[in-house]
Amino acid sequence: MGSIGSMNKPSEGMLMGLVQYPVPIVNSRRDIEASVDRICAATAATKAGYPGMDLIVWPEYSTQGLNTKKWVTEEFLMDVEEPLFQRYAQTCKENDVWGVFSIMERNPNKNQMPYNTAVIFNNKGELALKYRKLNPWVPIEPWMPGDLGQPVCDGPGGSKLSLCICHDGMFPEQAREAAYKGCNVYIRISGYSTQVNEQWILTNRSNAWHNLMYTAAVNLAGYDGVFYYFGEGQVCNFDGTTLVQGHRNPWEIVTAEVFPKMADQARTDWGLENNIFNVGTRGYVAHPGGVKDCPYTWVKDFAAGKYHLPWEDKIKIKDGSIYGYPTTGGRFGL
C-alpha cells in the first residue's frame, strides 16, 4: 500500500475499488434495469472521484438480485451479449476503467439450468474474461456448474486476473487452479449472508497465502427482508495478510493499491514457503529436482472420476429437495 487511503494510482501496479453494493430488491424486469442504471452511474462517479482507478468490482447478484421465486425465470435471466448487459461494457469504455460484473446467464442448452456468471470488461469495453461459477452454493442455488474452467486474462498494472464467485472461494483447489495458470490477482464476488462471514475472511487470506497471489473480494451489503449481507470488501497481500477491509456499510467503496510484480517476484525468488512450487517438487534438497509423483489419494481418485468419501453413504443432504427443488434434474422453474 503506497498512499493514504489508496486514493492514487501506483506507477507500477493498479488501483482497484470494491463496491459494497446494497442488496437489490428485484421483483420485475424493470427492477433489473434500474439496478443496471445505478451500477453504471456509480461506476462513472467512482472513476470521476478516483481518476486513477484501474478496476472496479461489483458483487455477485448485484445486477439481478436474489429473488429465489423468480431468479431462474426467463423474465430475470440475461445474456452477456444483450444490450442491457452491454451497458456495462459501454460504461467501462466511456470511463476508461476495467470492471467486474455479475449476471445470471441463460444456458444455451435450453434443457439445462442457467449459469451464475461473472465477466471482466476492459477499459475499451471489450470482453476480457468470462467465467461461470464452478461450485454453486448447494443445496440453495439451482445454477448449472460452470463449463468454462478457470480462465485467466491479462489485466492492468501487470496483473493476471481470474475470477471466482462466492462459494467458489471456499475451495482451495480452485484458487490453486487459478494460480497454476498464472493468476496473481484472484477476484471473488459474492452474495453471502452473515452466517459465513468469518469463513469468507479466512479463505480470502488462505487463498492468497497458499498461492502467493493477491486476493480481492467484495460482498453485497444490507438487508433484503430475509438475510443480512455483510459487505466487508477485503484485499489480501500475497503473504496472506489483510491490506484493507471494509465494514458492513452499503455503498462503501473499499480501495487498494496492489503490485502484481511483487507477487510474481515472490514466486520466483522465494525458497522457504514457495509452496505453490514446492508441492510439485517435494524434497528437492534430498532428491535433486524434487519428487514429482502425486502422493494424494483424493487427487488421483478425482481425476479418475472415483472421488468418494469414507462417510459419503451417510451424508443426508444430496439434492435440492430441502429448498423445494425437483430431484430429476433438467430445466425447471420457468
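Quick reminder: no glycine exception, Cβ is built from N, Cα and C everywhere.
Database features (Swiss-Prot):
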ACT_SITE  Glu60  active site, proton acceptor
ACT_SITE  Lys133  active site, proton donor
ACT_SITE  Cys166  active site, nucleophile
DOMAIN    14-260  domain 'CN hydrolase'
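Here the features listed in Swiss-Prot are placed on the structure.
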| residue | record | CB count, 10 Å |
| --- | --- | --- |
| Glu60 | active site, proton acceptor | 29 |
| Lys133 | active site, proton donor | 27 |
| Cys166 | active site, nucleophile | 27 |
Using Cα coordinates, what distance in whole Å links the residue listed as 'active site, proton donor' and Glu60 (active site, proton acceptor)? 10
Average the pLDDT scores across the domain 'CN hydrolase' (14-260) and report the rounded value. 98
C-alpha spacing of Cys166 (active site, nucleophile) relative to Glu60 (active site, proton acceptor), in angstrom: 7
Return one of helix, strand or coil for the residue listed as 'active site, nucleophile', based on DSSP. helix
